[in-house]
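Step one of this worksheet: look at the structure below.
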Amino acid sequence: MKLKQRVVLLAILLVIFIFTKVFLIDNLDSSAANREDQRAFHRMIAGLRVELASKLDHTLQSPWEIAAQWVVPREVYPDETPELGAIMHAMATKKIIKADVGYKGTQLKALLILEGGQKVVFKPKRYNRDYVVEGEPYAGYDRHNAEVAAFHLDRILGFRRAPLVVGRFVNLRTEIKPVATEQLLSTFLTVGNNTCFYGKCYYCRETEPACADGDTMEGSVTLWLPDVWPLQKHRHPWGRTYREGKLARWEYDESYCDAVKKTSPYDSGPRLLDIIDTAVFDYLIGNADRHHYESFQDDEGASMLILLDNAKSFGNPSLDERSILAPLYQCCIIRVSTWNRLNYLKNGVLKSALKSAMAHDPISPVLSDPHLDAVDQRLLSVLATVKQCTDQFGMDTVLVEDRMPLSHL
């Protein structure tokens with residue numbers, strides 16, 4: 001064989017070797033990532049049921065100290081949380097030492113301080129479990145049980161970006177009124193034999209109070225994030241205008257996602273993928289009201305998108321507001337870990353997992369069966385949307401490794 005032919009042959013063999021090696025490494029990396037996703041899923045399923053117990057083993061720290069130490073820029077609580085039951089038990093039972101009107105917002109809430117100095121946000125029951133909220137997707141009062149369900153869905157999806165939430169019964173006469181500020185106390189009234197309050201907020205009205213059953217009110221309590229992690233508010237790039245006849249740009253511009261990708265903080269880092277995770281989360285719970293979102297301050301786009309204020313969800317099990325998924329079907333990208341988790345949850349696993357996760361909550365049953373069925377059905381729509389994207393653009397383009405920089409998208 002002539003020298004020239006040998007050189008050409010060696011070059012061809014070298015190219016084949018390099019491509020084969022790269023292909024095998026990619027497949028090994030992908031398989032390793034998938035195996036880790038599977039292990040994480042099985043860990044989540046094994047630790048899904050949270051029994052509320054008062055005892056904290058192997059530590060002298062308070063529940064509040066443990067929960068505060070959990071918070072880091074990319075998660076509110078860790079993958080494995082053996083202390084979760086004790087923390088939620090404390091949230092549901094610790095003595096209320098102060099009660100005040102809620103922080104700024106449109107919906108009724110109260111700010112409580114529990115024994116040990118921990119702040120929590122209390123949202124009162126407004127509807128029975130089988131009540132269907134008609135009208136726009138964002139219609140009606142906040143649903144306290146939706147906050148509980150959304151927190152557990154956050155656990156199941158492996159996002160870990162929602163503050164801890166648990167149901168709680170409070171006696172308005174003996175637990176709240178004696179420690180209430182004058183501002184909150186001035187909003188109390190009696191309707192029939194029931195103690196009620198209407199608080200202070202944009203839509204709070206004396207004519208529309210939240211009423212207890214006698215003196216006992218069911219609600220949810222959300223753990224306040226540590227003050228060392230101040231929040232920054234952002235307008236959601238796929239938010240609505242809330243003005244009749246005026247569309248947001250994403251509602252008519254098919255290339256809108258391309259414009260978002262050129263804008264900070266979506267032009268680098270994980271924020272755009274967080275937006276898409278959140279779209280999946282909101283679609284599953286039926287929340288079309290996330291016109292703003294919060295991250296930690298001074299994060300330069302590295303902080304997670306924190307899943308706060310999820311109470312405008314689980315209002316109507318028949319709701320199929322596809323526009324909530326606009327970030328997903330317009331950008332056609334999704335994290336590999338999110339895609340894997342969604343696939344593990346199909347065939348009724350999501351409904352079963354959600355039901356199991358909420359079984360020991362003080363206000364259980366948290367959701368009615370129609371709402372649980374609706375979550376399973378919406379999951380199929382999410383999977384179908386991703387399939388449409390992969391059919392059009394290919395798996396390699398649509399499925400993005402979690403830490404891949406945006407320039408690769």
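Yeah, the Cβs are placed from backbone N, Cα and C, and that goes for glycine too.
Unlike curated records, TrEMBL annotations are generated automatically.
Here TrEMBL flags D289 as active site. In the shown protein chains, 23 other C-beta atoms lie within 10 A of the C-beta of D289 (active site).
Per TrEMBL, the feature ATP binding site maps to Q107, K123, T222, L223, W224, L225, E294, D309. Around L225 (ATP binding site), a 10 Å sphere centred on its CB holds 20 further CB atoms from the protein chains shown.
Taking a C-beta cut-off of under 8 angstroms and a sequence separation of 6 or more, D142 (Mn(2+) binding site) has the following same-chain neighbours: Q107, L108, K109, K123, R126, A311, K312. Feature annotation from TrEMBL assigns Mn(2+) binding site to D142, D309.
Residues or ranges marked as domain 'FAM20 C-terminal' in TrEMBL: 191-398.
For the pair formed by L223 (ATP binding site) and D289 (active site), distance between Cα atoms is given as 21 Å, rounded to the nearest Å.
Around W224 (ATP binding site), the same-chain residues six or more apart in sequence whose CB sits under 8 Å from its CB are Q118, K119, V120, V121, P163, listed in sequence order. A straight line from the CA of L225 (ATP binding site) to the CA of D289 (active site) spans 22 Å. Taking each Cβ in turn and tallying the other Cβ atoms within 10 Å, the top scorer among the binding-site residues E294, D309 is D309. Here the CA atom of D309 (ATP binding site) lies 9 Å from the CA atom of D289 (active site).
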